[in-house]
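So that you can see what the record holds, here are the features copied from Swiss-Prot:
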CROSSLNK  LYS6  ubiquitin cross-link
CROSSLNK  LYS11  ubiquitin cross-link
CROSSLNK  LYS27  ubiquitin cross-link
CROSSLNK  LYS29  ubiquitin cross-link
CROSSLNK  LYS33  ubiquitin cross-link
CROSSLNK  LYS48  ubiquitin cross-link
CROSSLNK  LYS63  ubiquitin cross-link
DOMAIN    1-76  domain 'Ubiquitin-like 1'
DOMAIN    77-152  domain 'Ubiquitin-like 2'
DOMAIN    153-228  domain 'Ubiquitin-like 3'
DOMAIN    229-304  domain 'Ubiquitin-like 4'
DOMAIN    305-380  domain 'Ubiquitin-like 5'
Amino acid sequence: MQIFVKTLTGKTITLEVESSDTIDNVKSKIQDKEGIPPDQQRLIFAGKQLEDGRTLSDYNIQKESTLHLVLRLRGGMQIFVKTLTGKTITLEVESSDTIDNVKSKIQDKEGIPPDQQRLIFAGKQLEDGRTLSDYNIQKESTLHLVLRLRGGMQIFVKTLTGKTITLEVESSDTIDNVKSKIQDKEGIPPDQQRLIFAGKQLEDGRTLSDYNIQKESTLHLVLRLRGGMQIFVKTLTGKTITLEVESSDTIDNVKSKIQDKEGIPPDQQRLIFAGKQLEDGRTLSDYNIQKESTLHLVLRLRGGMQIFVKTLTGKTITLEVESSDTIDNVKSKIQDKEGIPPDQQRLIFAGKQLEDGRTLSDYNIQKESTLHLVLRLRGGLF
């Protein structure tokens, strides 16, 4: 049959061939006609470079098909790619080829998608945008092909606008890495991104596997409000923790962030600011906590609990106590909060007046119990 070969100069050569001819044979015919040595010829059909040992029929090249002839640049050379199975692949490359290009050639030969390929040379992983000459890879150099771990997976990121972004990640990727990928796709700077999974805000230095984020998990992307800020939390040991917060965060949220960083359960944390213990349901803005404010973290003892004390005026006082505290101790705490001397206080629980030397546990007073405070009259003789 006849086929046509078109050169970059626009000249078209007509060749007589058989469908069983190899690409080698075709190159020899071109040499006979045009004097171009086979090793300087690259033949392209349907966007693919044709390999010497294959036949025209392998590529489904039929009568009157047109091949394109490209002359090799001087940097044209062969390199080898060795897989973990021990197989060696031979590639025709230019020293100006990028690692991307090389991965595409491997895909053409072996069917392995580029995003599953890692190429190693001289102990270094090769970056997609760099060229072979950047790494001083010369003719007959051997690269090593490692397939990405199975941890390679897709996850989804849903924005507040309802848009869903698909990301290719590894389970070993850090949250930082994920934010960079989102920046690449969407242009949102990492420091404006908050990623939420299973109700938790994800911390930059942690990995997807730390949060048990698996393939096809969906993260939620929230853009930081302008109220996004850093605050400091100082522990009794003198250690200072830095937290990323919003002024709309509740004290609960802040305790969860401390748990994520330090492993301390929220119910063992007491947070103090400006001499006040902070209540879980309130927000940072409720307490006028601003950027770079310092909170103090005090750990609750095991028996630590909150109880309430209701006065005759209807006011309710919240106290932090231990079940081993005596009634005396409780009266001292009330004095600290309200300025009422202990000898003017009578405490009632379950209809009983409580005696100073007894403990809360003696009266079976448990967390969130409510005591009633009655003030003694001055002339009273109890």
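Glycine too: its Cβ is placed from the backbone N, Cα and C atoms.
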For the domain 'Ubiquitin-like 4' (229-304), the number of residues DSSP places in helix, strand and coil: 18 helix, 29 strand, 29 coil
Around the Cβ of LYS48 (ubiquitin cross-link), the count of other Cβ atoms that are within 10 Å: 11
Those recorded sites listed as LYS11, LYS27, and which of them has the most Cβ atoms within 10 Å of its own Cβ: LYS27
Most crowded position, judged by CB atoms within 10 A, among LYS6, LYS29, LYS33 as recorded sites: LYS29
Packing count at LYS63 (ubiquitin cross-link) (other Cβ atoms within 10 Å of its Cβ): 9
LYS27 (ubiquitin cross-link) and LYS11 (ubiquitin cross-link), distance between Cα atoms, whole Å: 16
Confidence summary (mean pLDDT) of the domain 'Ubiquitin-like 3' (153-228): 83
Cα-Cα distance linking LYS27 (ubiquitin cross-link) and LYS48 (ubiquitin cross-link), given in Å to the nearest integer: 16
